[in-house]
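As structure tokens, the structure follows; a few thoughts come after it.
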Amino acid sequence: MQRVNLSTVSEFVFVGLSDAPEIRLLLFVLFLLIYLATMAGNIMFLVAIGTDSHLHSPMYFFLGNLSLLDILCPTITVPKMLGALLLEHKEISFSGCLFQHFALIDVVGTEIFLLTVMAYDRYVAVCHPLRYPSIMSTKLCAQLAVGTWATGLLNSLLHTSLVFTLSFCGPNKIQQYYCDIPPVLALSCSSTHSRELVILVVAGVLGSSACVVTVVSYIYILLEILARNSPGIWHKAFSTCGSHLTIVCLFYGTTICTYVRPSSAYSLHLDRVMSMLYAMLTPLLNPIIYSLRNKEIKCALKRVINQVRRAL
């Protein structure tokens, strides 16, 4: 059997951020504050959901999974980026790059499938409110959660095996601040066309399937709202689905722009901006978006903050 991994590159170098010392320090402080705020917000969200019995429902169970993913996503990339900014340690080993790539694709894929499951949950809540507890049972919620994590894992295994079994024998400078698919593929000294095609097909099939389920769920929600035509139904539906729909648009938009396209369309500056949006800002905004219009979350977070204050 022919060996598929003929790599002679033992490490990669990140060159995705400015080399100017004054800008590096400014970026370090900015990204550190964003990272700390993201960790604090999502950890408080998890604590609030776990300690408040009023939030022990399918919707908040899935929100807890989303917060966990929003903790993992920046943790995979940001600490290494902060080290590169502060200590100028921009190197990462081949195995370290592989693991970072695998973990990031796993988290991103899992979040896409989780948002799809959450769309179905919102469909059941709006269109079948009386049957909601029986349909979204504890067993089904657990199965859906395990299914999203398992699918994200398998998707990541496929993508990582396609990328890191290529030959890397030339330049090792990654034009990004973490090991992502497009910039790593650009460094391969072997043909990547067939693997790019497989990656695009798999991402297209899985992404479009998730998108179709989400869109169909919201079409049924819209039809149900129009059929009822009762006072206050629009406000109730928006309070139920508005936060999820906002997060779906933000996450899907940035992810599709980053991944679902060939490497020939790779834009250095645009991809850095897009990757920062879904890897840093989206995890920061998710708990904020869900807290703005949700009174139960607001009350639970206030109780957590008051408990922390008393403990301090």
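Cβ coordinates are placed from backbone N, Cα and C, and glycine is handled just like the others.
Residues or ranges marked as domain 'G-protein coupled receptors family 1 profile' in TrEMBL: 41-290.
For the transmembrane segment (25-47), same-chain residues at least 6 beyond its ends with a Cβ under 8 Å from one of its own Cβ atoms are 17-18, 63-64, 67-68, 70-71, 74-75, 78-79, 81-82, 85-86, 280-281, 283-284, 286-288, 290-291, 297, 301, 304-305. Positions annotated as transmembrane segment by TrEMBL: 25-47 (among others).
If you look up TrEMBL, you'll see 59-78 (among others) marked as transmembrane segment. Cβ atoms under 8 Å from those of the transmembrane segment (59-78) belong to residues 31, 35, 38-39, 42-43, 45-46, 49-50, 100, 103-104, 107-108, 110-111, 114-115, 117-118, 121-122, 125, 141, 144-145, 148, 177-178, 279-280, 282-283, 286-287, 290 of the same chain, restricted to positions at least 6 beyond its ends.
Summarising the annotation, TrEMBL assigns transmembrane segment to 98-120 (among others).
Summarising the annotation, TrEMBL assigns transmembrane segment to 140-158 (among others).
As annotated by TrEMBL, transmembrane segment applies to 197-221 (among others).
As annotated by TrEMBL, transmembrane segment applies to 233-253 (among others).
Distant neighbours of the transmembrane segment (273-292): 31, 34-35, 37-38, 41-42, 44-45, 63, 66-67, 69-71, 73-74, 77-78, 104, 108, 176-178, 180, 243, 246-247, 250-251, 254-255, 257-258, 298, 301; these residues of the same chain sit at least 6 beyond its ends, with a Cβ under 8 Å from one of its Cβ atoms. What TrEMBL lists as transmembrane segment is 273-292 (among others).
As a whole-number mean, the pLDDT of the domain 'G-protein coupled receptors family 1 profile' (41-290) in this prediction is 85.
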